[in-house]
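These notes are about the structure you will find just below.
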Amino acid sequence: MINLGADLTPLDFLTAIVALYVVVDPIGNVPLFVALTAKLDKTRKRRVLILSVLVAASVLVLFATFGIEIFGYFGVRLGDFVIASGLILTAFSLYQLLRPYEQTISSNGLEVAIVPLAVPFLAGPASISYVLLLSKYMGVFPTLFVIFTVSVLTLFTLYISEFILKILGMLGVRVLEKIMLIISVAIGISLIRRGLQLWSAELLT
């Protein structure tokens with residue numbers, strides 16, 4: 001986890017990028033993207049891809065820029081915020097991990113780029129919460145860099161989605177998705193633990 005009050009290092013940025021990539025989970029969304037765009041030609045499929053990533057990135061940027069001020073207005077302290085972020089990330093990851101797989105119906109339109117691809121699958125409660133946390137720890141501009149980097153990686157991952165599905169197969173993608181969700185649960189629990197430590201320190205001061 002990124003150290004509070006410390007100068008940011010390349011390792012901090014790498015940790016944040018990897019963690020947000022895991023939370024956004026573009027690999028786990030490969031089957032969804034392939035199914036939703038199955039009836040689209042290459043041009044429309046590319047438009048859906050770009051639009052979905054742009055919308056998701058815009059949502060994350062919005063929360064990274066203004067989310068902390070909104071919480072501050074309501075008097076939310078750092079320990080409260082970290083615990084809430086950890087609970088949301090853990091609950092959402094567990095839900096995705098334990099829910100049965102549902103076959104997605106394909107679409108002929110570009111509307112799937114916004115719902116459900118961009119929101120809630122790429123920019124969902126877990127990723128928004130983690131972005132808010134990064135903004136609190138790292139500051140807005142470093143967080144925007146992390147969002148940009150993860151967005152590029154997500155764009156590339158979904159761009160080669162058919163190749164990934166062909167190489168790993170549906171079962172392989174599902175197994176990889178479950179592994180990433182388990183990592184997300186672990187990240188969520190670590191946030192809860194950090195939040196409790198901050199909470200205790202705030203109560204003692």
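For all residues, glycine too, the Cβ spot is worked out from N, Cα and C.
According to TrEMBL, the features are:
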TRANSMEM  13-36  transmembrane segment
TRANSMEM  48-75  transmembrane segment
TRANSMEM  81-98  transmembrane segment
TRANSMEM  110-133  transmembrane segment
TRANSMEM  139-159  transmembrane segment
TRANSMEM  179-196  transmembrane segment
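Between the transmembrane segment (179-196) and the transmembrane segment (48-75) there are fewer than 3 Cβ pairs closer than 8 Å, counting only pairs 6 or more residues apart in sequence, which means the two stretches are not in contact. Between the transmembrane segment (139-159) and the transmembrane segment (13-36), three or more CB pairs separated by 6 or more residues in sequence fall under 8 Å, so the two stretches touch.
Residues of the same chain lying 6 or more positions beyond the ends of the transmembrane segment (48-75) and with a Cβ under 8 Å from any Cβ of it are 24, 33, 36-37, 40, 81, 110, 112-114, 117-119, 122-123, 127-128, 131-132, 134-136, 140, 143-144, 147-148, 151, 154-155, 158-159.
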